[in-house]
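K.L.:
One structure is given below, represented as C-alpha cells, and several questions about it will come after.
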Amino acid sequence: MPPTATAEPVTASTHMLSNETDYHALNAMLNLYDADGKIQFDKDVLAARQFFLQHVNQNTVFFHNQDEKLDYLIRENYYEREVLDQYSRNFVKSLLDRAYAKKFRFSTFLGAFKYYTSYTLKTFDGKRYLERLEDRVCMVALTLAAGDTGLAEKLVDEIIDGRFQPATPTFLNSGKKQRGEPVSCFLLRIEDNMESIGRSVNSALQLSKRGGGVALLLSNIREHGAPIKNIEHQSSGVIPIMKLLEDAFSYANQLGARQGAGAVYLHAHHPDIYRFLDTKRENADEKIRIKTLSLGVIIPDITFELAKRNEDMYLFSSYDVERVYEVPFADISVTEKYYEMLDDARIRKTKIKAREFFQKLAELQFESGYPYVMFEDTVNRANPIEGKITHSNLCSEILQVSTPSLFNDDLSYAKVGKDISCNLGSLNIAKTMDSPDFAQTVEVAIRALTAVSDQTHIKSVPSIEQGNNDSHAIGLGQMNLHGYLSREGIFYGSEEGVDFTNIYFYTVLFHVLLASNSIAIERGTFFKGFERSKYASGEFFDKYIEQTWEPKTDKVRQLFAEAAIRIPTQNDWKRLKELVVAHGIYNQNLQAVPPTGSISYINHSTSSIHPIVSKVEIRKEGKIGRVYYPAPYMTNDNLQYYQDAYEIGYQKIIDTYAAATQHVDQGLSLTLFFKDTATTRDVNKAQIYAWRKGIKTLYYIRLRQMALEGTEVEGCVSCTL
C-alpha cells in the first residue's frame, strides 16, 4: 500500500524542536514551507504526539487495571450498567485488550484534538478524560452488538482499523449513562391544520432537546391570503410557522451546548415560494427574516421544462389543491397534474416567469448558500418503496417515504403516521478497499446501523417511533473518495475517477442488500410494506440483471483485482433477486451519503465523496483558534492529485455524484463549489446539469470567498501549490 500522509520521517532535529514547541505551534507549521519549499507534514505528526505528552496524558484519570476502571465508571454513573451486563467481565476485558493491541495512533493533530474535545468521556466537571479512543470504540461495539460477542469483536476491528465510522450521535453517546440518542436527524410533515402545526412545534422542541436536527415540510400549509373557515384572505401562510420553529430551535439548545438545528422545505409551485425565499435575504425586513433555519426547495421536472421553453410558471393554491384532490398538496405530482390543475377553475393560480424563478434561486444561493434543492421527480422515480418522498433533511441526503398523522382537538393522535429518523454511519473508501474481507466490512456496518435503529425509541414523538419501527431504515454513507483516488494516482472527476466511483458503489450495493436479506432471514421478518416494493416485485434488480456492470478502465479493473474484491456478475444479481423476493430485506432504506464533518477528521478521511476544499484546510476550533488539517495520503510527491473543489469545477463533481447516485436508494449531500468569478448564470447551468445527470438533491452553494461553516477558506500557503 502507498504510504499515508503521515509517514514522513521524524528527524532528530524535529525531536529537539518538539521538546520546546507546543502542539499548537507545531500544527501551525503545516501552513509554512520548510527551507526546501516543502509542506512540513512531519510537524503535524509531532503535534499529535505532543498533544498527548503535553495535554492528554496529564489530564487523563489513572486506573491501576481494567477492573478498577470499569467498576468506577459503572459505580459513578459514567457507563450504562445495562450495556456491560450483557457480557461477562472477562469478555469485556478481552475486547479492550483486542482494541489496545491494535496500537492505534491518530494520523493528525486535528483528529486527536477533535476526538478529545468532542467525543471522549470526561469527568462531570469536564476537566479530565476517562477514556481513550480504544475505550470509546469498545463501548460503541458492546452497545450495538447487544450481547453478541462475535459481532462486538468484528465491530471493534472495523471501527478501530478505520473501515467503518459510526455517525457522531452513535459514536458520542453509546454506552454512556448520561447520554443523548444514538440518532440525531429527523424529518417531520406538517399538515394544513392547527393541531398538526402545534404538534410539530412540540415535536421540534422534543427532538432538538435530544440533540436532533429536524427538517419539516411546509408544502401542505395553505398559502398567504387563503381562506380560513371559508372567509377569504385570512391565512398568514408559511412565514409565521417558520418564525415559531426558529424560536423553538433557539430555545431547545441542548443545555446551552449549541443552537438547535432546523430546516424547512417548500415546493417550488407553492404560492408562498417567493416570500419563503425572501426570508433569507440580507436586506429582508426583520418581521420576516429567518436567520437560523435552513431552507430547502422542492423542484419538479415541469419547472425545468417551463424554463427551457421560457414559459410562465404557475403556482397553485395548496388550499384548493387539497380540496379538489382530497390529498395534501405535497402528495400530488405537480409534473403529472400541472396542466390538469391549470385548466381547473376551482384551483387559484399565481403566474410568475419560470426563468425568473431560477434567477431568484441563484441570487439567493450566491447571497446565503441556501436553499437546498430536491429534484422531486428524479427522487421519486428512483424510489423503490410504495408512497411519495416529499422532502429531505438538514443535510439533503435522507430521502424516505412519510405519511401524515391525524390529530384530535387535544393534540393526541387519532392516527399515527410515519415520520423519519436517520441512522447513519460511513465507510472509509480507502480502508474498505484495503479490507481483508470487503463483504464482511459492509455486512458489519449494516448490522451496526440496524442495531442503532433497533435501539432507538423516541417515544415523545410517536410518528418518529412508528416510522422507525416499521421501516428499520438506515443510511450507510461513504467518505474519503478524494483521498483514495489521490493515493492511487487518479484525478478526481477523471474518467478513471468516475469509473471507480460507479463500480465501488455498485459493489457496495450488492453487499448491502445481501446483508439486509441475511438479517431478514435470521429474524423471519422484513420491513413493513416490503411486499408492495420494487424489491418484492423484482423490478429493482432489472437494471443489474439486464446489463453488465464492469470497469471501463484498466486502472479500476486492476484496483479491484489487487484488492481481491470480486465485482458482482449478472448471475450474482439473479441469485440475490431470488433470495430477496423469497425472504425480503429487513431495512426499508439502506444507503445515504451524508456530508461527514468531525468524524472525517477522526477517521483521517476526505469529507464524504466530494473533493477537498484545500490541500491544507484551516479550521477555527473554539478557544484554541486556527487548526490546520492536511488532506489524507498527501505527500510532497503527489500534490498534483489534490486539486481543490473550486479548481475541479461543478461538472466533474456532478459526474462523480451521478455515478454513485444510481446505486444509492436515498440521497447524497452534494455541495457545489464556484470560484469568485462565477455568476448566477453559472449556478443555473450547474443546477440544470445536475438535474439532467440524475442528481437527486443539492446541498450548499459555496463561493471561494465564502467560508465553509467552522472554517476559513483563505489563500494559505499550501493552497497555492
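The backbone N, Cα and C atoms fix where each Cβ goes, and this holds for glycine too.
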K.L.:
Among C395, C422, C716, find the residue that Swiss-Prot gives as the disulfide bond partner of C185.
P.N.:
C422
K.L.:
Besides S184, C185, G213, N393, L394, C395, S396, E397, P595, T596, G597, S598, I599, which of T168, T432, T569 does Swiss-Prot list for that substrate site?
P.N.:
T168
K.L.:
So, three-state DSSP: helix, strand or coil for C185 (substrate binding site)?
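P.N.:
In the DSSP reduction, C185 (substrate binding site) maps to strand.
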K.L.:
To the nearest whole angstrom, state the Cα distance for the pair Y700 (site 'Important for electron transfer') and C395 (substrate binding site).
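P.N.:
Pair distance, Cα basis, whole Å: 9 Å.
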K.L.:
In whole Å, how far is Y699 (site 'Important for electron transfer') from T168 (substrate binding site) when you measure between their Cα atoms?
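P.N.:
On Cα coordinates alone, these residues lie 20 Å apart.
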K.L.:
Return the single residue from the binding-site residues list (C185, C395) that has the minimum number of other CB atoms within 10 Å.
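P.N.:
Across C185, C395, these binding-site residues, the one with fewest Cβ atoms within 10 Å is C185.
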K.L.:
Helix, strand or coil at S598 (substrate binding site), per DSSP?
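P.N.:
Reduced to three states, the DSSP call for S598 (substrate binding site) is helix.
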K.L.:
Hey, what's the Cβ neighbour count for T596 (substrate binding site) at 10 Å?
P.N.:
28
